[in-house]
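Undergrad: Here it is, the structure in full.
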Amino acid sequence: MAASGVPRGCDILIVYSPDAEEWCQYLQTLFLSSRQVRSQKILTHRLGPEASFSAEDLSLFLSTRCVVVLLSAELVQHFHKPALLPLLQRAFHPPHRVVRLLCGVRDSEEFLDFFPDWAHWQELTCDDEPETYVAAVKKAISEDSGCDSVTDTEPEDEKVVSYSKQQNLPTVTSPGNLMVVQPDRIRCGAETTVYVIVRCKLDDRVATEAEFSPEDSPSVRMEAKVENEYTISVKAPNLSSGNVSLKIYSGDLVVCETVISYYTDMEEIGNLLSNAANPVEFMCQAFKIVPYNTETLDKLLTESLKNNIPASGLHLFGINQLEEEDMMTNQRDEELPTLLHFAAKYGLKNLTALLLTCPGALQAYSVANKHGHYPNTIAEKHGFRDLRQFIDEYVETVDMLKSHIKEELMHGEEADAVYESMAHLSTDLLMKCSLNPGCDEDLYESMAAFVPAATEDLYVEMLQASTSNPIPGDGFSRATKDSMIRKFLEGNSMGMTNLERDQCHLGQEEDVYHTVDDDEAFSVDLASRPPVPVPRPETTAPGAHQLPDNEPYIFKVFAEKSQERPGNFYVSSESIRKGPPVRPWRDRPQSSIYDPFAGMKTPGQRQLITLQEQVKLGIVNVDEAVLHFKEWQLNQKKRSESFRFQQENLKRLRDSITRRQREKQKSGKQTDLEITVPIRHSQHLPAKVEFGVYESGPRKSVIPPRTELRRGDWKTDSTSSTASSTSNRSSTRSLLSVSSGMEGDNEDNEVPEVTRSRSPGPPQVDGTPTMSLERPPRVPPRAASQRPPTRETFHPPPPVPPRGR
């Protein structure tokens, strides 16, 4: 048995056996490289197979302030030696200064038979962080300082909680004793008196000293003066600029420890200039925001950016340029390379949410600054944890949308092209349903899709408004918007009025298009009308005789064209006039690519549909419904300015996608979105013979049987005919409707069924560690975020020794 160093007492003593020698060397290197404990005297003590314990060894143990026991299999064997165990029991007492590190040995109640105070030892494991090892040693040394025994506030055998389960202590002060240090910043070359206030009573009969330990120069001890039982004053020595460790000694015991800083005049000027050049304060002063308020500035900048963005938004150009490969090469040698980094640093939450909807947002998100930090880590570094969470969830939601589309549409040879197109078509869904639910232009342009009866007048007014209003960013005037809302709300009620007016003609089969009376006046020439919209079916009794003075609207539209081309290869115009009324068979799709999220209505669309149903049922009239909708829009606009409101909407969208994925996994189906039949005004239409617009006779198939189409069935196993595959896709697209099963996914009153945890996609590691130490590179460093280099270099810990029997 031997101890390295002179056995006259030490601060840290490491006890080990030969099988834990590598761990002993690692801890020595760790403690010597740590600024917090490297000034302490460190010795090691080896217990070999034939070890003996002398009185000199026992004296060394008793004079040590912290004993680190590397509990390995060979060391445990010494506990079974009757001659050695009593000496070890005395050496490992009192328990508050003993720290055990389990090296290949599990904790067991058997050790209580050897050491009654076993439960009071601090316990560490091989998986703990290096900072935990240092903090545990600091805790043992601090408790051995004697302050607790002076005040007698705690019993000596008080249980010490395992430090591996506690949070790391801050690097500024030692726990318990220090209260205040004034001043904590000292100008180089100036004579300054430092006052230290502690919690424990000091004995003025014992010599009190202060030790100043710069990082790059030897330590300096100065005699301190005890002003009273709790206050010490000391003259600060003249040191170079930088951080200096300050320790207060009462005799040979360390009372407290803290860190102060020395600065030069030029460094102070630099600090003043950096504070004066704070961009947030500068902008608050420029915009006359007094007192300085970051939230007010955030709203002002957000509104300014919104006013300079087109009304329909920039999301049309897409935002999914997330760099997924070789992200470390996408690093800039700047502190704030993009506006997104700037908004994240200063906590401009609303501006950040708006920037995420702009083109290139995710590309900017994947750019690291000169320190290797990304916008989300920058936000957390400066204390904006809610903003960090919002950015992470937004990026995850975009990735979820892309993955969901990819799973649904990537089938066959055209998978790549379809996926790229769908990725761009569905990016605006994220903004409409989560970040900007009250987008007027998207709302008005989509009204016609829900009320085919009012599409003609709506199309005409929209065209007139767009041609007569050249102001950019204002596609429709307020009068036009009010008129469109009124016509939308009157859609079903007008249809009911026409039915009541024509009750005398029961049994009459009307055309699917509007019929125009001869005495009605039209302000727009029929030849200049836009294309005929989807017809509106009416519920009338079949077999009725049609009035001779009513002429189908379709004939007026194609009147001039039929004169220029008198005959048609399939059927003549006379047969169309004299034949029975027909319902067109839609062979052409409405869009070239199917969007699985097309049926997901925005909050504004749902509100309009709700008011329309109330008007139809007579609960409110049209004027009241218009006022209710305007009030809802105003309230929605005020709420949308709230960052919390945007967080809630984003969470609803995420929960909707997550719920669909979970339902898909439970059911085992290939897809979770079903294509339904378009909504009709009457849900109970009788089965009728179908006619084509250009066909003289009925089709053989009356109404095709309703089958549930799944995207797994879009392409069958038969690939011999290209036409069959094309027809299959065409027939699928022809069943597009405004209700594809996603209407209730983003309701305001929706209760999320799934709480999704944060995925590890975005970089989650902040570049600023809580301590100045870094974990030894036992695990390869993460590629997404690199820690800045520090002055301390640690070696990886050795492997864990094999477990004993």
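Every residue gets a Cβ built from N, Cα and C, even glycine.
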Undergrad: Among Y163, Y513, can you tell me which residue Swiss-Prot lists with the annotation phosphotyrosine?
TA: Y513
Undergrad: Looking at S642, S656, S772, which residue has the phosphoserine feature per Swiss-Prot?
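TA: Per Swiss-Prot, the residue annotated as phosphoserine is S642.
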Undergrad: Where Swiss-Prot marks phosphoserine, which residue is it, choosing among S477, S718, S731, S785?
TA: S718
Undergrad: So one of Y133, Y262, Y553 should carry the feature phosphotyrosine according to Swiss-Prot; which one?
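TA: Record lookup in Swiss-Prot returns phosphotyrosine for Y553.
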Undergrad: Based on the annotations in Swiss-Prot, which residue of Y394, Y694 is described as phosphotyrosine?
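TA: Record says Y694.
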Undergrad: Look up Y292, Y594 in Swiss-Prot and give me whichever carries the note phosphotyrosine.
TA: Y594
Undergrad: For Y263 (phosphotyrosine), which residues in the same chain are close in space, meaning a Cβ under 8 Å from its Cβ, but six or more apart along the sequence?
TA: R185, I186, R187, C188, S241, N271
